[in-house]
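What TrEMBL says about this protein:
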- 182: active site, nucleophile (ACT_SITE)
- 352: active site, charge relay system (ACT_SITE)
- 386: active site, charge relay system (ACT_SITE)
- 49-106: domain 'Partial AB-hydrolase lipase' (DOMAIN)
- 1-24: signal peptide (SIGNAL)
């Protein structure tokens, strides 16, 4: 009976967050060019990197709390196979509900991972806990609820430092350039605000930074947050959020037959109307598929939407918060405490509904007010939405070229 009561809430959450199915609906119903099926995609190294002739190395990194993460490396480009010790390492960190595959989705001329390798950098690509290649643990399995007992707090506390320290050690103690997209920006900002990782990070690039979310423009995500949909699913006993699960597919498929639901515009309603995605890149994204996260992480993201400020996970009552934090309210991440000498490159889009302009400007005011002017650069892309920064066909010229120039200056 309880499940039937909560089905409408679950339905809205799946619509709001199931981007893979939304994109698939758009392609299958807007043109004759459909994505060829690829039910068992190969790993990133074999499916994309080696297929284009690039070297690709695979590593496993174990976090302090026992998660075994997959880390990929493109040590050099096609025409530059010299001594890898001469190259500066760059770590690419993906956003929510995707994995490191997003950095090599398109051709070598368009994908950031390839562009950096050909530009003389030693490229490392992270995959957070819960994604397809990072579903191992020293004592847990994904079937254990405890495997999913984490939020982006733990990504900032464990995944990020484990991977960065590994890259630093493997490259002979070279400080690492960092590139984060979406959630990958939030975790590095959280770490910097606590003065962590500053000794091994050379600079940080933040693509459509996610930090303050209180004024985000996506009505669907706001609705999901304000009626506590992630909390509802968690109470029903679910711990893994799989955006391409069978139930999600069936629910969205049924909804899209309703003439009142405009599924063509649904992706735009969630992430903003993209300007610069092409069908081939989107097809590769669909074939690989978005990745799982924890329901607890989705709850934490919802808390950022409902409340002003950036806090650690709120356990919902003073007793539990006291147990974890020794205070009744979860601690704030004070981004104004980020040291002013850390080189930062931020770029955001005018059409991004997730990292929307008012929230991003709030972030920029927080950072720029204190920061050394020579160590912070900001680019505003009025036509870009959330996905354009990683998948946009013109991103190499508009975003990646000035990014590489920033790296060379720092």
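Any Cβ shown, glycine's included, is placed from N, Cα and C.
Remember, predicted model here, so these are calculated numbers, not experimental data.
Calculated from their C-alpha atoms, the gap between residue 352 (active site, charge relay system) and residue 386 (active site, charge relay system) amounts to 5 Å. Shown in sequence order, 94, 95, 96, 207, 208, 210, 354, 355, 386 are the residues of the chain, 6+ apart in sequence, with a C-beta less than 8 angstroms from the C-beta of residue 182 (active site, nucleophile).
Residue counts for the domain 'Partial AB-hydrolase lipase' (49-106) by DSSP state, with H, G and I taken as helix and E and B as strand, are 12 helix, 19 strand, 27 coil.
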